[in-house]
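**Student:** The structure's right below; bear with me while I get my questions together.
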Amino acid sequence: MESKGTWTVADAVDYKGQPADKSKTGGWITAALILGIEIVERLSTMGIAVNLVTYLMETMHLPSSTSANIVTDFMGTSFLLCLLGGFLADSFLGRYKTIAIFSSIQALGTGALAIATKLPELRPPTCHHGEVCTPPTAFQMTILYISLYLIALGTGGLKSSVSGFGSDQFDDNDPKEKAHMAFFFNRFFFFISMGTLMAVTVLVYMQDEVGRSWAYGICTVSMVTAIVVFLCGTKSYRYKKSQGSPVVQIFQVIAAAFRKRKMEMPQSIVYLYEDNPEGMRIEHTDQFRMLDKAAIVAEGDFEQTLDGVAIPNPWKLSSVTKVEEVKMMVRLLPIWATTIIFWTTYAQMITFSVEQASTMRRNIGSFKIPAGSLTVFFVAAILITLAVYDRAIMPFWKKWKGKPGFSSLQRIGIGLVLSTAGMAAAALVEQKRLSVAKTSTNKTLPISVFLLVPQFFLVGSGEAFIYTGQLDFFITQSPKGMKTMSTGLFLTTLSLGFFVSSFLVSVVKRVTATSMDGGWLANNINQGRLDYFYWLLVILSGVNFVVYVICALWFKPTKGKDSVEMEKGKSFSVEDC
């Protein structure tokens, strides 16, 4: 007869704080309740982002470059706030409360946006083609910004905790549950892509044909419903106690190393401090040896407890394992930095590419495709690429090379190449579109919008590779106790990519604009040279790829005991975001 311990999860508790009973908590059903929050979040965020630029230009009467920057700043802030959500979840709130609080904030934001787009007092008066349009007032823009950044706060707060809380519902030490966990994460990216697909088709169509307030209202109701469903699982979830933010550990190691920067290293590493059990240690490495000084034992490093036991002060002394964990995070930074440019090119797909589409012929018979819905080809490329990779490339690669697929660094490299090709295709199409615009006086140019499909497809296919490659890399090559932080580190590449896009747009606008014309990024894209901007991104992406290859060749994965366990326990997290 099995002992009672085999029916409980060692590191999880139920909602009463008692050891979690496997038969009553966790598993597929509870994980699905959590997944619903993420699907609705993607539906809302992407449904707003991909069509926001047309609203800003056509309804709020803002210039092209200003509209693009508002969208990229909104998306960049959303992903940057993932760090805040991860910090609060790790240090104070726990993942359950973090998800509940920030999903409610996002619902509040979409509700406010629905009201802002409904009331005539919150937008400037309508103007027609050829008329001088009245710009929005400061009050109207303030209401819009409050709505958008409430959504950004909610998105960032819950995004870094959803996948982690989903993984908490499975027991790593149970082979059957571990297999279920792998299946859950392997389908995670597929489901959020389906949420995006619904956003760029049904939701965008509703915004253009039915009304934006109705579409955003549906987002609000959907999120409220998802929150209610999520809360219904409260008694069935497994909860893991917060272990503190890894950011604190990083600062402790840096502070201890700086304090001892003038001390000499011992002749052998055996004299460095280590308090972890043999099986939990990470093997010492020679890189970044200045950090090793944090593990030198010096006078005053230990403090007496009330029981008379001497314990190390973490701000003065760190173990070799903690130092190596920080080194592991430092080793990720070059790869982290060289993946930012991809998300800068991605930003063009939901800003300037949508503006291009809005000027082109979009009819299929009597049906007119919404400009924002062109991103459906982007999502389709992701789904097709994932299917081909899973069903064709992986089996072939395993048969030929004996490996289950491309490595994470190889996938990132492929994604960078495809995005560069996508920008080159975008530049060539824009040259063609501008040549037509010079000879046409119509608002809708006599050129098919389907010429934009290659750029959407190439960048979308690139995202399928780089998204999974980045996440796999940041999860498997980071310390076991820093999963949430490594996910947040990955998400900051998206954030910075959007902010770099805003920066480039502002600089190019300022440098190329003259008193006679608007430069490359004129207020009317038919009078600018958007193709030059795209070629600039091609050059930057090409240079970045060369730097990436150098960084990838320099990178050496950790091969200590802990990394072996880490590989076994975290390989499931390829889609962990």
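Please read every residue number as a count from 1 along the shown chain.
For all residues, glycine too, the Cβ spot is worked out from N, Cα and C.
According to TrEMBL, the transmembrane segment annotation covers 28-50, 70-89, 96-117, 137-158, 188-207, 213-233, 332-349, 369-389, 409-429, 449-468, 489-512, 532-555.
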**Student:** Per the definition of 3+ C-beta pairs under 8 A with sequence separation of 6 or more, do the transmembrane segment (409-429) and the transmembrane segment (532-555) touch?
**Tutor:** yes
**Student:** Can you see whether the transmembrane segment (489-512) and the transmembrane segment (28-50) are touching - at least 3 CB pairs under 8 angstroms, only pairs 6 or more apart in sequence?
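**Tutor:** These two stretches do not touch.
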**Student:** Hey, does the transmembrane segment (369-389) touch the transmembrane segment (70-89), meaning at least 3 C-beta pairs closer than 8 angstroms, sequence gap 6 or more?
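**Tutor:** Between the transmembrane segment (70-89) and the transmembrane segment (369-389), contact is absent.
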**Student:** Output the single range from 188-207, 213-233, 332-349, 369-389, 532-555 maximising the number of Cβ pairs under 8 Å to the transmembrane segment (449-468).
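**Tutor:** It is 369-389 that shares the most Cβ pairs under 8 Å with the transmembrane segment (449-468).
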**Student:** Give residue numbers and ranges for long-range contacts of the transmembrane segment (96-117): same chain, 6 or more residues beyond its ends, CB-CB under 8 A.
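**Tutor:** For the transmembrane segment (96-117), the sequence-distant neighbours (Cβ-Cβ under 8 Å, at least 6 residues beyond its ends) are 34, 37, 41, 44, 48, 55, 59, 85, 88-89, 123, 143-144, 146-158, 161-162, 165, 211-214, 216-217, 219-220, 223-224, 226-227, 230-231, 234, 237, 239.
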**Student:** Using a Cβ cut-off under 8 Å, which residues of the same chain at least 6 positions beyond either end of the transmembrane segment (532-555) come close to it?
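**Tutor:** Distant contacts of the transmembrane segment (532-555): 331, 334-335, 337-339, 341-342, 344-345, 348, 352, 409, 412-413, 416-417, 419-420, 423-424, 426-427, 430, 504-505, 508, 512, 520-521.
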**Student:** Can the transmembrane segment (188-207) be said to touch the transmembrane segment (332-349) if we require at least 3 CB pairs below 8 Å and skip pairs under 6 apart in sequence?
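**Tutor:** Not in contact, no.
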**Student:** Taking the transmembrane segment (28-50) as reference, which of 137-158, 213-233, 332-349 has the most Cβ pairs under 8 angstroms?
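**Tutor:** Result: 213-233.
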**Student:** Residues of the same chain, at least six outside the transmembrane segment (137-158), with any C-beta under 8 angstroms of its C-beta?
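**Tutor:** Non-local partners: 37-38, 41, 44-45, 48, 60, 70, 74, 77-85, 88, 98-99, 101-110, 112-113, 115-116, 122-124.
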